[in-house]
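Structure first, commentary second.
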Amino acid sequence: MSQTNWEADKMLDVYIYDYLVKRDLKATAQAFQAEGKVSSDPVAIDAPGGFLFEWWSGFDQLRSGLLQQLKPFMQSPQSFHQLNIKQPVSSSGPANSTGTANTTGPSPGSAPSTPSTHTPGDAISMPNLPRSGSSKAITMFGTDGTATLTSPSNQLADMDRFVEDGSLDDNVESFLSNEDGDQRDAVGRCMDVSKGFTFTELNSVRASTSKVTCCHFSSDGKMLASAGHDKKAVLWHTDTMKPKTTLEEHTAMITDVRFSPSLPRLATSSFDKTVRVWDADNKGYSLRTFMGHSSMVTSLDFHPNKDDLICSCDTDGEIRYWSINNGSCTRVYKGGSTQLRFQPRVGKYLAASSANVVSVLDVETQACRHSLQGHANQINSVCWDPSGDFLASVSEDMVKVWTLGTGSEGECVHELSCNGNKFQSCVFHPTYPSLLVIGCYQSLELWNMSENKTMTLPAHEGLIASLAVSTSTGLVASASHDKLVKLWK
């Protein structure tokens, strides 16, 4: 086709017509050409140079026009987001102080996020999460008071998955990322401010030179640990987000980090097949190094009541119990390969995900009490609510919430389907137990399970691999493959 006589918006029709001709679908091609008034000029679709030149030239014209339209919005301040929420009655019994949901795997990093404009739908009120019942929220986007923000960048999620297999090295990530300037990012993005609920980005810090895959608060909320691909765990003072210490003994990426609920300890798991326990008050060396896994360790957790017990799982589905005092492995069995979390407070159950199933295991007997099924794809993360009565499981296309307290255990009581931006991590809001915070590619999804409504908040420039909460401070932390860790409240 001549470069001088085509229009950009007609190019797709030309290529479709050319495809039909080459597939020998002559009648269809003739009908398509006549109805669409498609040019019959030859097009070099089979030649990479010709195809790319013609197609991307037209695309570039459209892109330039779109950027000109968006420029005023990109330069304007971030607008406030309205989200009305009623304070719920707190769950009975003492609540565990922290809870997280995180996963592993690389993704393209990028520069700190820029303000975006978001207009919410109807106000969301927040009654208590029901203790029983089978009502499910399946279709959550586009209607019935739902507010969403979509972006062409969300279409890059699939590219994010492609990079995870290691076929593109970190040099690409370094090129795409902003390595210059102050690593601290003072931001005022918030979801305001009605009837007592706000959700504001308080602080943002460049936490690593590579992708951050996990984070967790100390029980008092004064410390935050983050770790990831650079093989280091960093402890931050949450009031200033200045680093306290850096822990460097692993020889491969760190997949999980957890604080002890009762002692000044934290633990890390790694693709180097080890679990390490550290003294949070004394930097520079690990108290214990547990070796025994035959494959990469993907997750770990401290028991909420037994100070001596720590648990880990690996990519072969092996779960190991470790005694911190004795420095030995006390039990080995199969059941989890992606992530595991002890039930808060009582510690009766261990939730462990493998493939598309969550196994709820009895901590004492290792018997599987419930096999939670219904996900079509691999489960990326699991998280408990602070009471230990509800468990959320996250796959890329679905979030399910299960009841595991008194009453009908193992029943799915809430369900949310993805509408394009794949889910990755989750955590229950530290103050509003019926609000689930979901980490996606670049955005946070706030899901009111009781009222079946969601809101989308731009948050990062990469995959949000991990979320953590502190009920002591009300803080939410997000860790992303864009190398940033952010605090929200």
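Every residue number used here counts from 1 along the chain in the order it is shown.
Glycine too: its Cβ is placed from the backbone N, Cα and C atoms.
Taken from TrEMBL, the feature compositional bias 'Polar residues' covers 86-102, 145-155. Per TrEMBL, the feature region 'Disordered' maps to 86-155. The compositional bias 'Low complexity' annotation in TrEMBL covers 103-121. Among the features that TrEMBL reports, repeat 'WD' is placed at 205-246, 247-282, 290-332, 372-397, 457-489.
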Per Cβ pairs under 8 Å, the stretch of 290-332, 372-397, 457-489 packing most closely against the repeat 'WD' (205-246): 457-489
DSSP-assigned states of the repeat 'WD' (247-282) in counts, ordered helix, strand, coil: 0 helix, 19 strand, 17 coil
Helix, strand and coil counts within the repeat 'WD' (290-332) (DSSP): 0 helix, 25 strand, 18 coil
Residues in the repeat 'WD' (457-489) grouped by DSSP into helix, strand and remaining coil: 0 helix, 25 strand, 8 coil
